[in-house]
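Novice: Below you will find the structure I want to go over with you.
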Amino acid sequence: MASLSLSSAHFSSTSSSSRSSISTSSLSPSSTSLPLLQSPIRRRYRSLRRRLSFSVIPRRTSRSFSTSNSQIRCSINEPLKVMISGAPASGKGTQCELIVHKFGLVHISTGDLLRAEVSSGTDIGKRAKEFMNSGSLVPDEIVIAMVAGRLSREDAKEHGWLLDGFPRSFAQAQSLDKLNVKPDIFILLDVPDEILIDRCVGRRLDPVTGKIYHIKNYPPESDEIKARLVTRPDDTEEKVKARLQIYKQNSEAIISAYSDVMVKIDANRPKEVVFEETQTLLSQIQLKRMIKTDKASPVQDKWRGIPTRLNNIPHSRDIRAYFYEDVLQATIRSIKDGNTRLRVDINIPELNPEMDVYRIGTLMELVQALALSFADDGKRVKVCVQGSMGEGALAGMPLQLAGTRKILEYMDWGDDETLGTFVKLGAIGGKEVDEEDDMFILVAPQNAVGNCIIDDLQAMTTAAGKRPVVLINPRLKDLPASSGIMQTMGREQRLEYALTFDNCYVFRLLYYLGTQYPIMGALRMSYPYRYELYKRVNEENGKEKYVLLATYAERPTPEQIDDAFSGKSRDQSKKASGIWGFLSSVFS
C-alpha cells in the first residue's frame, strides 16, 4: 500500500487548541448595532439557507438531505449519559465543570434541583420544603421524581446529562433502574482519606468575599485577607471523618449496582491530569458507539460525518450546504468558548486551489453563509479580501483570490441593505479595522512571491483586539522574495505568529502520495471535538461509505495516518522498511 498524502503543502502549519447548542451571543455587538434591521437580515439568511437546501444539523440528531440521484444521510452519536461520584474534597465539582465545558452535557445536581423546586413553589418543591424545614431528609420518592423530571427535559435528551453525586444509595439506584435511567459510565473519583482530610481541614473561608482558600495549597493573597479567614463549621477534622464514613457506606452500596460501567479514577493528581483520563474515557465511549452504529446500520448511501461522492464535480447543493453548516457550527462553538484567533481549513475539491475543479464561487458562498449567520445575530461583520501584492513583474493577485472582491459585491445579499450595514467589505490591514466592527472574516489570506501578507494580518489582529478574526483557507507558508530568495528576516517570528490561529474546523481529503485521485479517506475536526480519521470503502453498485478508523486529541501526523490505514502499531511503524518506510520518512 502506498503512503497517503493530505494534498496540502501546509499540513503542519498550525496546531489546534484543546477542545454545546450554541448561540453567537457571546460576541458583543457594538453599541451602534441596529436591532430593528435584524428582521430583514433574518429573512435574507433564511432565503440563502432555502436556496442551498440548508438543514441545521443539531448535535446527536439525524437529518436527511435528498437529491435527484441519491439520498445522503448523516447519523450522529447518541448523547452521553454520565454519573460521577466522589468524596467531599475529591475534586468532583471541578471535574463536573470541565466535563460540561468539553462535552456540552447537562449538569444535574440534586441539591440544585431541590433549591430550584422550592424556589419555584412547585408541588414537589412544597413537599420537599416541609421535610427540610423540619430538619428531616427529603424522601427518596421526591428526589427521584425531581431527577426523573429533569432527565426527561429536551435539553438533557438532546445533549446528554451528567448526574452529579446521585444516586447515593442502592435503593436510589434501583429506583432509577426501574425508570430505565442507566449511565454509559459511572465515574468514581478515588482519593486517599488522609489527603481528603487535609484538603477539608485546611480550607478557610473569607467571610467578606465568600472565597475559599487553603492554607497550604491555595493561600490568601495578602496578610489582611489571611487575618480574617475562618474555618467553616463542617471542615473540622471530626466532622470531615464522619462525612467520609457516611460516604463510604453509601458508595459501597451502589458500586454493585453499576459495577459493569464503573471506572475508578485516581483523583490524587492535578485536575488537568485527572480530566485528561476522564476525557479519554468519554471519547472512547463515543467512538465505540459510532463504530457499533456503523456496523449495525444498513450501508447503502449512508455516510457518517462526511458526504460521499466528493469526486463528483460540481458538488451538489446538499453537499455544499452540509459543509457550510458544519463550518458555521464549529466556528460558533469556538467563539462562544472565548477563542478569537480562528482558522478554517477545508479542501473539498471545489475549495482546493491546487485542483483544476477549484470554484471561487463555492468559496464565496461559504463566506457569505458565515457572514449572514453572524449578521443575523446582530453582529457587524467585516469580510476582508487582500489586495494586489508583489513588486514589479511579480505584482498581482493570487490566482485563488482573482475577482473575489467583485464577486462579493455582485452577490445577492438581499434588498435590505445588509451589505454595507451589517456586512461590510474591506481589505487586510490595521487601517481596515473600524470601531463598529464586531468580527472579521478573512478570505483565503496568503503570501505571494515578492510579498508577505503576515505583516498586514498581524497589524489587523492587533487593531481588532479581542474581537474574533476568522481565516478561511489561509496559506501562510513563506515564499521567495522578489529577488528570488526566501524572506529570511523575521521568518521565525512570522511562522510563530501564524501558529497563534487555532483550527476551529478541519476537513482534508486523503490521497495516495503525489496524486489527487482516488480519494482514500478524510480527516475531519469540528471544534471542540476530536480529530476523526475516515477510510473510504468502495461497495457494490458503485456506492461508497466512510468508515471511522480512529480519533485523536491533537492533529495526527502523516505517520499516524499511515499507521491507521495500514493497521500498524507505533512500535511496528518504527520498523517499517521498503517503499512504506521510505515514504514515511519523507513525511517526517
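Positions of Cβ are set from backbone N, Cα and C atoms, glycine also.
Sharing the features that Swiss-Prot gives for it:
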type    : residues                                                         : note
REGION  : 1-34                                                             : region 'Disordered'
TRANSIT : 1-73                                                             : transit peptide
BINDING : A89, S90, G91, K92, G93, T94, R203                               : ATP binding site
REGION  : 109-138                                                          : region 'NMP'
BINDING : R115, S136, L137, V138, G165, F166, P167, R168, Q172, R232, R243 : AMP binding site
REGION  : 202-235                                                          : region 'LID'
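Situate these features within the shown structure.
Specialist: For G91 (ATP binding site), the same-chain residues 6+ apart in sequence whose C-beta sits under 8 angstroms from its C-beta are L189, V191, A267, K271, V274.
Confidence in the region 'NMP' (109-138), given as mean pLDDT, stands at 83.
There are 18 other CB atoms within 10 A of the CB of G165 (AMP binding site), with all protein chains counted.
Listed by sequence, the residues of this chain that lie at least six past the ends of the region 'LID' (202-235) yet keep a Cβ under 8 A from its Cβ atoms are 89, 243.
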Novice: To the nearest whole angstrom, state the Cα distance for the pair G165 (AMP binding site) and G93 (ATP binding site).
Specialist: 10
Novice: Mind computing the max CA-CA distance among R115, S136, L137, V138, G165, F166, P167, R168, Q172, R232, R243, which the record assigns to AMP binding, rounded to whole Å?
Specialist: 30
Novice: Using an 8 Å cut-off from the Cβ centroid of A89, S90, G91, K92, G93, T94, R203, can you name the remaining same-chain residues around the ATP site, in sequence order?
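Specialist: Here the non-site neighbours turn out to be G86, P88, Q95, R199.
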Novice: Would you count the other C-beta atoms found within 10 angstroms of the C-beta of T94 (ATP binding site) for me?
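Specialist: Other Cβ atoms found within 10 Å: 14.
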Novice: Return the member of R115, L137, P167, Q172, R243 nearest to S90 (ATP binding site) in space, with distance defined Cα to Cα and candidates limited to these binding-site residues.
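Specialist: Checked the binding-site residues R115, L137, P167, Q172, R243; minimum Cα distance to S90 (ATP binding site) goes to R243.
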Novice: Translate the DSSP assignment of R243 (AMP binding site) into the three-state scheme.
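Specialist: The three-state answer is helix.
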Novice: Measure from the Cβ of G93 (ATP binding site) and count the other Cβ atoms within 10 Å, all protein chains considered.
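Specialist: Looking across every protein chain shown, the total is 14.
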Novice: Consider each pair of residues in A89, S90, G91, K92, G93, T94, R203, all listed by the record as binding ATP, and report the largest Cα separation in Å as a whole number.
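Specialist: In whole numbers, the farthest two Cα atoms are 16 Å apart.
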